[in-house]
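Student: Submitted below is the structure of interest, expressed as C-alpha cells.
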Amino acid sequence: MAAATAPKTMPSSVFAAALLLLAAAACQASPYYPLELGYYRYTCPQAEAIVKASMEKAIAQNPGNGAAVIRMLFHDCFVEGCDASVLLDPTPFSPTPEKLAAPNNPSLRGFELIDAIKDALEAACPGVVSCADIIAFAARDASCFLSQGKVSFDMPSGRLDGTFSNASESVKFLVPPTSNLSDLASSFAVKGMSLEDLVVLSGAHTVGRSHCSSFVSDRLDVPSDINPALAAFLRTRCPPNTTTSDDPTVMQDVVTPNAMDIQYYKNVLSHTVLFTSDAALLTSPETAKLVLDNAKIPGWWEDKFEKAMVKMASLEVKTGHQGQVRKNCRAINHY
C-alpha cells in the first residue's frame, strides 16, 4: 500500500483572498438583512401578486388610496419601526394607540384597504403574511402605479408585527407640517436617515390631499413665502378658522395631483407648496441644491426615491421573537 501523502496547504495569501471573496459574497447575498427579497416565495408565493392586484384596483377607483398607503408607511416606520403598530385599534388596555395621535387622526387613511388586502392574504395563506409587510408592499406598488412605472423597485420583506402602540410616540417622532428645516433634519437623523433622504421622501407630497388645518395658520394667516395666486385660491377653499367639523381637504399638488413625479420640486421652487416643511427645503444651500437637482435631472428623483423607500421600510424592523404575524391587523394575537 502506498503511503498517504500529506495534504497540500493553501498559501496564506490565497486563503486570505478566499475569505474576502466569501465575505463579499455573503454581503451581496443579503444586502437587506435582516429582511430579504422573496421572503414568502415558499410559504405564500402569491403574496406580493395579491397585494399588487389589490392596489391596482384601489388606485383605479381612487388615486388617493395610493397616496394614503405611501404616507402610512412613513407614519408606521418612523414610530416604533416598520411593525404595523399604526394599524392597532384602541382597547381597554391600550386606549390611545398611534392612529389616534394628532399626526394621524383624522388625516391618515387606508386602514380599510389594508384590512381588505389582509383578508385576501389570509384566505390564500392563513397566518403567514405580516401586516407590516403588507404596508411595505402596498406602498411600493402604489409608487409604481402612480408614477406609471417610473418608480419601480423590489421591496424586501420578513417584518413582524409589533404588539405596542401609543399615541405619544407618534407625537414624539412625527414632526408637524409647520416644522422648520432644523426640526425636520433632526427627526430624520434620529432614525439614521440623511438630509438627502428627507428631501427625496418629501417628494411623496406630489400626490394626496391635505386638510386645511395643516397649513392655514402658518401659511395663510401670517406673512409667508407662498405664491399669492395659490394663497388666494386656497382661501376660497379653506375657512379662516378650521374646526373638526369644518376642515376641508385640498390637493397637495394642483398641477399633476395624481401623478408621482418631479412636479413637487418645481412647486417648491415656485413657492406653490402647502406646508412650511416643504418651503423649508429652500432655506439651506444643501437642500436647495437637492431640490433643484430633483427638479431638473431626468430620472434622478425616481432612482433616489426607490432607494430611500427601501431604507425607510427597513427601519427598526422586528424579526424572530420580537413580534408576531397578526391574524387581524387591528389587534394583537392572544395565544
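Just so you know, the numbers here start at 1 and follow the chain as drawn.
Glycine residues also receive a Cβ, built from the backbone N, Cα and C atoms like all the rest.
These figures come from a predicted structure and were not determined experimentally.
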Student: According to Swiss-Prot, D253, T256, D261 bind Ca(2+) 2; which one of T163, T178, T206, T319 is annotated to that same site?
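Tutor: Among T163, T178, T206, T319, only T206 appears alongside D253, T256, D261 as Ca(2+) 2-binding in Swiss-Prot.
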Student: Looking only at C82, C125, C131, which is named in Swiss-Prot as the disulfide mate of C44?
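Tutor: Checking Swiss-Prot, the candidate bonded to C44 through a disulfide is C125.
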Student: Please work out, from what Swiss-Prot records, which of C77, C82, C131 forms the disulfide with C329.
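Tutor: That would be C131, the partner Swiss-Prot lists for C329.
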Student: Out of S85, N166, N180, T206, N241, give me whichever of these recorded positions has the highest number of other Cβ atoms within 10 Å.
Tutor: S85
Student: Just to confirm: which same-chain residues, 6+ apart in sequence, have a Cβ under 8 Å from the Cβ of D76 (Ca(2+) 1 binding site)?
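Tutor: The list for D76 (Ca(2+) 1 binding site) reads C82, D83, A84, S85, V86, L87, A132, I135, given in order along the sequence.
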Student: Just name the most isolated of the binding-site residues D83, D261, going by other Cβ atoms within 10 Å of its Cβ.
Tutor: D261
Student: For the recorded Ca(2+) 1 site formed by D76, V79, G81, D83, S85, which further same-chain residues have Cβ atoms within 8 Å of the site's Cβ center?
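Tutor: Result: C77, F78, E80, C82, A84, V86, E98, A132, G162, S165, E316.
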Student: What recorded positions in the list T206, N241, D253 lie within 10 angstroms of V79 (Ca(2+) 1 binding site), counting C-alpha atoms?
Tutor: none
Student: Take the C-alpha atoms of D261 (Ca(2+) 2 binding site) and G81 (Ca(2+) 1 binding site) and report the distance between them in angstrom, rounded.
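Tutor: Pair distance, Cα basis, whole Å: 27 Å.
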Student: Measuring Cα to Cα, tell me the gap between N166 (N-linked glycosylation site) and H75 (active site, proton acceptor) in whole angstrom.
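Tutor: Rounded to the nearest whole number, the Cα-Cα distance is 13 Å.
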